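Novice: Structure incoming, see below.
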Amino acid sequence: MPQGPSFWFDTRIYLAVVAALLVVIAFYNHYVALLGIVLLYTLYLYGRDRHRERRKALSQYIESMANTIDQASTYALQNLPLAIAIIDEQGQLYWSNSVLAKWFGDVHTGRSLYDVLPSLEAEKIWGKYGIVTERSGLKHYQIIHKPLEAEATGCQDFLILYINDITRTETIKAECQGAMPAFAYIQIDNYDDVLKGLTDTQRTAILAEVNRQLVDLFAGLAGFVRQFGEDTYVGIISRQALIKLMDSRFEILDKIRAIHGGNKIPVTLSLGVAADEPTIATLTQRAQAGLDLALGRGGDQAAVHVDGKMQFYGGKAKAVEKNTRVKARIVSQAIRELVEDSELVLVMGHGGEDFDSLGAALGVAKMARHDGRRIHVVVSQPGVAVNKLQELLPDYEGYEHVFITPSQAAALVDERTLLFIVDTHRPEMTAAPELLEHTERTVVIDHHRRSEVFITNPLLVYLEPSASSTSELVTELIQYYDDNIDLTRLEASALYAGIVVDTKNFAVQTGVRTFEAASYLRRAGADPTLVRHLFRVDFDTLRARAEILSNTEMLPGGVVLALCPAEAKNAQIVAAQAADMLLTIEGARVSFVLFPLEESGVGVSARSQGDINVQVIMEQMGGGGHQTVAGAQLKNISFAEARDQVIELINNYIQESDMHESNSAARGKKIR
Ligand SMILES: Nc1ncnc2c1ncn2[C@@H]1O[C@H](COP(=O)(O)O[C@H]2[C@@H](O)[C@H](n3cnc4c(N)ncnc43)O[C@@H]2COP(=O)(O)O)[C@@H](O)[C@H]1O
Ligand SMILES: [Mn+2]
C-alpha cells in the first residue's frame, strides 16, 4: 500500500533540523556549509517529488479499492441466499435482485409479484412489518416484509420483501412431524350384546376376527397394537400413518361392522385417537377423551384429535338400546340427593323449546317439587310449545308461575340453586346460556350424541344417545325417584308429547324402553286427546307446510330438498315437520328443508332413513343432532348459497360412502 502524507511531513522536519545544523557549520566553515546547503536542497526537491508521486499512487489505490467494494457489494446483493423485492401497493416490482428471477422465473420490473406468489395476501402485508410463510408449488418461503415510506424514497411508499427459501427446513419439519406418535384407545362397543347366546366356538371366532383385522391394520401402518382388556386395545402409529388412516376414512370401522355372530348383531368399534400433543401424558388423555366422545356419540366411530381439532369418522350404526335400567336407578338416586341438598331447582331445555325439552323439564320439576323444593322452568321466549303449555298450566296448583324468563332466573339463582339442563348439552343451545355462568351446580340429562362442546363441570351427567327422547329418560328417572310420585294429567301428557315428537309418533328411534315409558305415562294419566291438542297447529302453519311440500325437489340418490317460504310463521317447527314428511316419499333416503331463521340466516332441518348420517353432514355446517335427525343454523347466507352447500356436502358424503362400501352406481350419481 502507498505511504500516506505523514511521511512527507516527517521528512520536512528532518530537513529543517539538518538546515539548523548547517547554520552552525557555516559559523566555522563557509565552504562545507555551502556544499551542505546544495545537498540539502537537492534532497528537498527529491523528497517533494517522491511525496507527489506517492500521493498520486495513494489516491489511485483508494479509487480502485472503492470500485472493488462497490462491485463486491453489488455482487453480494445480487447473489444473497435471499431474494429481495421492492414492490408498490399493487404488487408491481420496482426492483429485485437476481435471486428472485432464479427462484420464480420470469419476474421483471413492472410485473406483479402476486402473479408468482398468488397466496401472498396484499392487504395483510402492505404497510406493515412482519413475517409470513408462503407455499408456492413444492417450495416453502419465509417472507419478511418491511415498509419503505415515501419520506425515505422521496417519491412513493414501497414494501421491501426479503424472501427466504425454507423448503429444506419445512421438509425436515414435516418428516419429523410425520414420525411423531399418534396414540389410540380402541373399544368394542357392544361386546356383551354381540357375544350373548353364542357358543364358545362362535365367540372365539368373532373375537379372533376382530383381533386379526386390528393387527393387520396396525401392521400395515408399521404400528403397534395390544389388547389390554377383554374388549379394549391400545395402539400406536406414526402421525403419517394416522393421516393415511384418515384418508381411508377409517375403513376399519366398516370391516369390523361386517363381522356378524350367530345372533346377527354386528360388531362395532370405537376409537379415540390423538396426535400433536406436547407430552405422552396429554396424548393419552386426549385419546381417552376422544374414545369417551366416540362412545357418547353412539359408538361405531373414530374421534381423532389432530391439528388442534377433533374430527369424526364413521358413526353409521344405530345406537344400541341398553336393556338394563341399573343406570337409571343410580342416576335417579343421585339426583334425589342433589335436590335434597338444594333450596331452589331451576330447569331449562334448549332455546326454541319443543315438547321434548318442556316435557322433560316438567318431569324434573315434578321430582324436585315432590321433595318440597321451589322450582321454575326457564324458557327462552314464547314459542308454540311454551304457549300451549302456558295456557294449561294455571289450572294446576303450584304451576301458575312455573315458567320464568332468563333474567328472572338470574335474579333468583344463588349457591344453593341446582340447575338442570335437559334435551341439550351444548351451552350455547340452552334456553339461557348466561345462567350457566351464575351457578356451578348443574345436572345434564340428554339423549343427544355427545358433541365436543359440553356444559362445563356438571355435578352429574345422564347422557343416553340410544334413548328416543329426554322425556323417555326423565320418565324412567321419575319411576325410580319415589314410588309415591303421582303425575298430574298435564305432566304425564307433556312427557308423552315429548316422546311423540322425537319418535315421530313412535315411528323412529323407538326401543322397548320407549314403549314401556309410554305405557307408564298412559297409566299415570297421559291423555291422547290432550296430546293431540298440544300438537294442533293454526291454519297458517298448515299452509306453510303445504307450501314447503310444493317447493320440493327430488334429486338423484334419494335426496329430497325443499325450501320453507320466507314469511312462514313458526318456520323451524314447520320445516322440521315437513322434513319428517318428505322422508315418507318412496325412494327418499334423506331430506333437507331450508327455512328462514328469525334473526336472519338460514336454518336446515335434515332427516335420514338411516343409511346416511345427517348428523355428520350438519356438523360440517356447524350444526349437529342425531344420526337420523339433525339440523344447523347458517348466518350471513342466502337460500341459494345454503342449498348449494347442502348439495355439495351430501354429494361428497354419498360419493365417499359409495367409494368405501361399493354401493350401486345409481346411489353414487352426482346431484346438481
Ligand atoms: N346448531 C346445532 N347444533 C347441534 N344440534 C343441532 C343444531 N341445530 C339443530 N340441531 C339438532 O338437530 C336436530 C333436528 O332439529 P330440528 O329443528 O330439525 O328438529 C327438532 C325440532 O324442531 C322438531 N320439532 C319440534 N316440535 C315439533 C313438532 N311439533 N313436530 C315435529 N317436529 C318438531 O323435532 C326435533 C327435536 O329435536 P330435539 O329437541 O333435539 O330432540 C335436533 O336434535 C337439534 O337439537
Ligand atoms: Mn329431544
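Backbone N, Cα and C atoms are what each Cβ position is placed from, and that goes for glycine too.
For reference, TrEMBL lists these features for the protein:
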| type | residues | note |
| --- | --- | --- |
| TRANSMEM | 13-46 | transmembrane segment |
| DOMAIN | 179-307 | domain 'GGDEF' |
| BINDING | HIS350, ASP354, ASP423 | Mn(2+) 1 binding site |
| BINDING | ASP356, ASP423, HIS447, ASP502 | Mn(2+) 2 binding site |
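Can you tell me where each of these features sits in this structure?
Specialist: Sequence-distant contacts of the transmembrane segment (13-46) (same chain, six or more residues past either end, CB-CB distance under 8 Å): none.
A coil conformation is recorded for ASP423 (Mn(2+) 1 binding site) in the three-state DSSP classification, outside any helix or strand. Neighbours of ASP423 (Mn(2+) 1 binding site), defined as other CB atoms within 10 A of its CB across all chains, total 31.
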Novice: Only counting partners 6 or more residues apart, tell me which same-chain residues put their Cβ under 8 Å from the Cβ of ASP502 (Mn(2+) 2 binding site).
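Specialist: ASP356, HIS447, SER468, SER469, THR470, SER471, GLN509, VAL629 - these are the non-local Cβ neighbours of ASP502 (Mn(2+) 2 binding site), listed in sequence order.
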Novice: Can you list, in sequence order, the residues of the same chain other than HIS350, ASP354, ASP423 whose CB lies within 8 Å of the CB centroid of the Mn(2+) 1 site?
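Specialist: Counting only non-site residues, the set is GLY349, GLY352, GLU353, ASP356, SER357, LEU358, ALA360, VAL422, THR424, THR470.
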Novice: So which other residues, same chain and not among ASP356, ASP423, HIS447, ASP502, have a Cβ within 8 Å of the centroid of the Cβ atoms at the Mn(2+) 2 site?
Specialist: ASP354, SER357, ALA360, ASP446, HIS448, ALA467, SER468, SER469, THR470, SER471, GLU472, GLY498, VAL501
Novice: Counting every protein chain present, what is the number of Cβ atoms, excluding its own, within 10 Å of the Cβ of ASP356 (Mn(2+) 2 binding site)?
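Specialist: Its Cβ shell of radius 10 Å holds 29 other Cβ atoms.
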Novice: Test of understanding: give the count of other CB atoms lying within 10 angstroms of the CB of HIS447 (Mn(2+) 2 binding site).
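Specialist: If we count other Cβ atoms within 10 Å of HIS447 (Mn(2+) 2 binding site), we arrive at 27.
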Novice: Where the criterion is a Cβ under 6 Å from an atom of ligand 1, which of the binding-site residues ASP354, ASP356, HIS447 meet it?
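Specialist: So the answer is ASP354, ASP356.
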Novice: Work out the three-state DSSP category of ASP356 (Mn(2+) 2 binding site).
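Specialist: Once the DSSP labels are grouped into three classes, ASP356 (Mn(2+) 2 binding site) ends up as helix.
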Novice: Could you tell me which three-state DSSP class HIS350 (Mn(2+) 1 binding site) falls into?
Specialist: strand
Novice: Around HIS350 (Mn(2+) 1 binding site), which residues of its chain at least 6 apart sit with Cβ under 8 Å of its Cβ?
Specialist: SER357, ASP423, THR424, MET429, THR430, ALA431
